[in-house]
Structures are given as C-alpha cells and as structure tokens.
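Asker: Please read through the structure below; I'll follow up with questions.
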Amino acid sequence: MKVLWAAFLVAFLAGCQGKVEQVVEPELGPEPELHPQADWQSGQPWELALGRFWDYLRWVQTLSEQVQEELLSSQVTQELTALMDETMKELKAYKSELEEQLSPVAEETRARLSKELQAAQARLGADMEDVRSRLAQYRSEVQAMLGQSTDELRARLASHLRKLRKRLLRDVDDLQKRLAVYQAGAREGAERGVSAIRERLGPLVEQGRARAATVGSSLASQPLQERAQAWGERLRARMEEVGSRTRDRLDEVKEQVEEVRAKLEEQAQQMRLQAEAFQARLKSWFEPLVEDMQRQWAGLVEKVQAAVGASATPVPSDNH
C-alpha cells in the first residue's frame with residue numbers, strides 16, 4: 001500500500017510540473033523614433049537604409065526580459081520586412097549610378113563588374129532574410145530545448161553565434177574584393193583611354209613635325225617656318241591638354257574608390273561590434289532560463305523525496 005501511495009504521489013507531482021504556467025506577454029508600446037548612426041548620415045542612401053535596419057535590430061535587443069517573446073510577433077516581422085525592402089531598393093539605385101559612372105570602361109569589363117555587384121547584392125539580401133528568419137525560430141528552439149541539458153543548450157547557442165560571425169566576416173571580405181575589382185576596372189579603362197588618345201595624336205604630331213621640316217628646308221621664307229612651328233606647338237599643347245584631363249579624371253576615380261573603401265572598412269568594424277554585442281545579449285537571455293530550470297528540477301526532487309520519506313515513516317501502535 002505504501003508503494004502504491006508513493007507511486008501515485010510521484011505521478012501527481014510530475015503532472016503538476018508538466019503544466020508550466022504560461023507567462024503573459026505584455027504588448028509592445030509605440031515604437032520609438034529610430035535614427036541612423038551619426039557616421040552614416042553623410043553616406044549613400046542605401047547605407048542609410050541599412051543603418052536603419054541595424055538600428056531597429058539593436059532596439060529590439062534592448063527590450064526587457066518581460067517582452068522578449070514579442071520579438072517573434074507579426075509587428076516585428078513586418079517592420080524588418082519593410083526595412084529590408086527599403087535597403088534593397090536604395091542598393092539597386094546605387095548600383096545603377098555606378099553603372100553610369102563606368103560608361104567609359106570597355107563593355108566586357110562593365111558587364112563583369114555589373115554581374116559581380118548584382119551577386120553581392122543578392123548575398124546581402126539573403127543574409128538580411130536569414131537574420132529575420134532566425135529571430136522567427138527562437139521561440140520554437142527555446143521550447144524544444146527546455147528538456148535538454150545545460151551543456152547542450154550552451155553548445156547550440158555558441159554554434160549559432162559562430163556561424164553568424166563567420167557570415168558577417170565573409171560578407172565584409174567579399175565586399176572588399178568587389179571594391180578592388182571595381183578600382184582595377186576603372187584604372188584599366190582610364191589607361192586605355194589615354195593610350196588611345198596618344199595613338200591617335202602621335203602620328204599627327206609626327207606628321208606636323210615632318211611637314212614643318214620639309215617646308216623649312218624647301219623654302220627659305222622665315223614666315224612659313226614660323227607658321228609651321230606654331231602649328232606644331234598647337235598640336236603639342238592640344239595633346240598635353242587632353243592628357244591632363246585624362247589624368248585628372250583618373251585621380252578623381254581613385255579618390256572616389258578610396259572613399260568607398262573607407263566606408264566599407266568602417267561598416268565592417270561596426271558589424272563586428274554589433275555581432276559581439278548580439279552574442280553578449282543572447283547569453284544574458286538564456287542564462288536566467290537555464291538557472292530557473294535547474295531550480296524547478298531541484299524543487300521537484302525535494303518534493304518527491306519529502307513525500308517518499310513521509311510515506312515510509314511507520315505509524316505508532318496504540319497497543320502496549
């Protein structure tokens with residue numbers, strides 16, 4: 001009889017433990033006004049849109065523990081979708097602007113650069129979509145991991161963070177490679193233009209010099225020699241002017257490339273800092289959950305032991 005009573009008590013306590021009281025999710029208040037980072041206020045429109053996307057994620061991460069489950073609500077998903085669409089729209093416009101600047105470059109080079117920029121744009125969109133889908137999976141993953149050990153929970157969390165960091169670093173490295181290809185293509189087009197100008201004007205200058213020498217040797221008239229020399233000087237001045245304009249254009253392209261490189265490096269550093277902050281925030285989310293699970297399990301064990309001990313105590317007899 002005591003054994004049956006102990007088994008019934010254990011089953012009853014286990015059933016009570018299985019019915020975990022659900023936490024009432026408070027409603028999100030009005031979304032605060034978001035601003036792009038100060039460093040991106042003077043950047044390209046697509047950079048400002050991407051800054052608003054990351055600012056929104058940072059705001060979501062600063063929510064209190066009582067509203068963490070609201071991260072998966074339809075409102076957050078809709079906001080992220082709108083910011084992603086805005087970023088991709090501005091990025092397409094910036095890509096069209098770059099293609100117009102590459103008009104002096106050869107058709108083959110321009111097509112290659114356009115294809116590579118389009119691939120980088122697709123990878124950026126895929127990574128942003130992965131961030132949104134990963135937020136949507138957190139609730140189901142937490143519910144699935146409630147019955148697992150602490151070590152397995154921490155291992156899965158660390159694995160997710162490592163994958164996110166590697167992906168961000170890989171995207172930054174790929175953007176730097178695309179920038180190097182763009183710089184090489186611009187320099188190649190400018191140098192090709194200078195060479196073509198030299199090839200066209202070189203024979204004219206030589207022809208002018210030869211004609212001036214012929215006229216000077218055949219005619220002894222001083223005015224004719226002066227006119228020939230003046231004509232040669234005008235051709236030389238024209239060639240130098242064209243060469244100077246080409247060099248100025250090349251310097252301008254180099255300056256633009258350096259500005260883009262500096263912006264990408266700054267964004268890479270910001271993305272690394274955001275990844276580290278995101279990792280620390282996730283750890284602070286999951287550690288209280290693990291500690292609460294341990295306390296509940298310890299309380300359940302103590303209740304079962306107390307119940308078994310109470311049922312095992314012999315009842316004193318009235319007969320002496």
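Placed from the backbone N, Cα and C atoms, the Cβ positions cover glycine too.
According to Swiss-Prot, the protein has these features:
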BINDING   Leu164, Arg165, Lys166, Arg167, Gly232, Glu233, Arg234, Leu235, Arg236, Ala237, Arg238, Met239  heparin binding site
MOD_RES   Ser149  phosphoserine
REGION    212-293  region 'Lipid-binding and lipoprotein association'
REGION    269-320  region 'Homooligomerization'
REPEAT    82-103  repeat '1'
REPEAT    104-125  repeat '2'
REPEAT    126-147  repeat '3'
REPEAT    148-169  repeat '4'
REPEAT    170-191  repeat '5'
REPEAT    192-213  repeat '6'
REPEAT    214-236  repeat '7'
REPEAT    237-258  repeat '8'
Asker: Ranked by the number of other Cβ atoms within 10 Å of their own Cβ, which of the binding-site residues Gly232, Arg234, Arg236, Arg238 ranks first?
Answerer: Gly232
Asker: What kind of secondary structure is Arg238 (heparin binding site) part of, going by DSSP in three states?
Answerer: helix
Asker: I want to verify one value. Collapsing DSSP to three states, which class is Gly232 (heparin binding site)?
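Answerer: In three-state terms, Gly232 (heparin binding site) counts as helix.
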Asker: Give the residue counts of the region 'Lipid-binding and lipoprotein association' (212-293) per reduced DSSP state, in the order helix, strand, coil.
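Answerer: Tallied per class, the region 'Lipid-binding and lipoprotein association' (212-293) gives 79 helix, 0 strand, 3 coil.
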